[in-house]
């Protein structure tokens, strides 16, 4: 970058390695610029949620250092104000370092320190990125702390609420369609009747279990490494620093699930809680794929597909075929599922990279975990409000398919036997007749084992779908 900058476009900054040319208007300084030049890899930086968490963390640390007397009030207040500015998203463009950087996140920690120092200077207060902004801290405890703050915030404020919107939408449809009968399908082949409500109740239960899985990770996800400094021992800070910073973070975020790590060596050397959280999101992605794919298949058509439900028309589906409308949100959801599952694979492997006192794959773990949470939260809301809420069932068509399915012969097993029932199914299919007519034609209504009244009762497709047990969703 610096090779192309003119005299007017850059300024000279320095660090312990010497002078560096930095863009004149940039708030970052020397160490950030070195990282920008060292890591021109993907063009993707940190998630905004992580930048926010870094800003809040620096503000919290400054407040604790001010309260203890370690940092004078003027400098501390300048750092706090700058940290909150960063947390607001105002300075996201000042965080240019690629996600594929040093595995501890040191570059991004220093990026935060330098931007805060520059904001403070612009407001008339001189603070040093290391001596003041980073006081009592190390990249090895700040970056994982910010990652867990951001992930916990994402889970509590975005992901869980988004999933609850989807669950409510699916559960509403489950209740609404409790008497809408259709053919069940196993192996993509006709099976005994179910109701559309039962299917959507199953989907709602999947999402509810996903919510519970995420909630179950929070006690570990909310543990913060701050206070461990370089290697977990807390060198260069006080024993109560971590706990006090966490208390400040709770005040700043209103996320009550945050707490100081119970073991600072585990909190810096391992990222198991991120792996666990990512795993919970992977399960949700698998659930979402199944739900979206089922809905897409049920809505296929309009003439040559299943045509059991009508999906909302959201946008034209083809640049060449007039009038075509596609299941775009089903395809969106399934693509998101693929991305989240892929992200989880990277997170799981990255979790293995904790050698001795530090995991050194944290930036990519943070990016993937936060992206997965954002994708699932947004997709859940949109899928619910723009798709599920607008689905209309084709009740007559579904009932017709259910009644024509060979599998409705199943309740006749106890009256005529399995082999005779199988013959009925095959004959009806081969001759294009209903199961009822085939039973009569084969002389199986004998007035003893099976009467015509009993036959009609056993072939009531809605009655077949009803179950005595309660199914929670």
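Positions of Cβ are set from backbone N, Cα and C atoms, glycine also.
Lifted from Swiss-Prot, the feature list:
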type     : residues                                     : note
BINDING  : 104-106, 128-131, 138-140, 186, 319, 324-326 : substrate binding site
ACT_SITE : 187                                          : active site, proton donor/acceptor
ACT_SITE : 318                                          : active site
SITE     : 331                                          : site 'Important for catalytic activity'
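Sorted by the number of other CB atoms within 10 A, the binding-site residues 104, 131 start with 131, the lowest. A count of other CB atoms within 10 A of each Cβ picks out 139 as the most crowded of the binding-site residues 106, 139.
Here the candidates are the binding-site residues 104, 131, 324, 326. The one whose C-alpha lies nearest to that of residue 187 (active site, proton donor/acceptor) is 326. Cα-Cα distance from residue 326 (substrate binding site) to residue 318 (active site): 8 Å (rounded to the nearest whole number). Counting other Cβ atoms within 10 Å of each Cβ, the recorded positions 318, 326 show the lowest value at 318. With all protein chains in the displayed structure included, the most crowded Cβ environment within 10 Å among the recorded positions 187, 324 is that of 324. The binding-site residues close to residue 318 (active site), defined as a CA atom within 10 A of its CA, are 324 out of 104, 129, 131, 324.
When the Cα atoms are compared, residue 139 (substrate binding site) and residue 331 (site 'Important for catalytic activity') turn out to be 40 Å apart.
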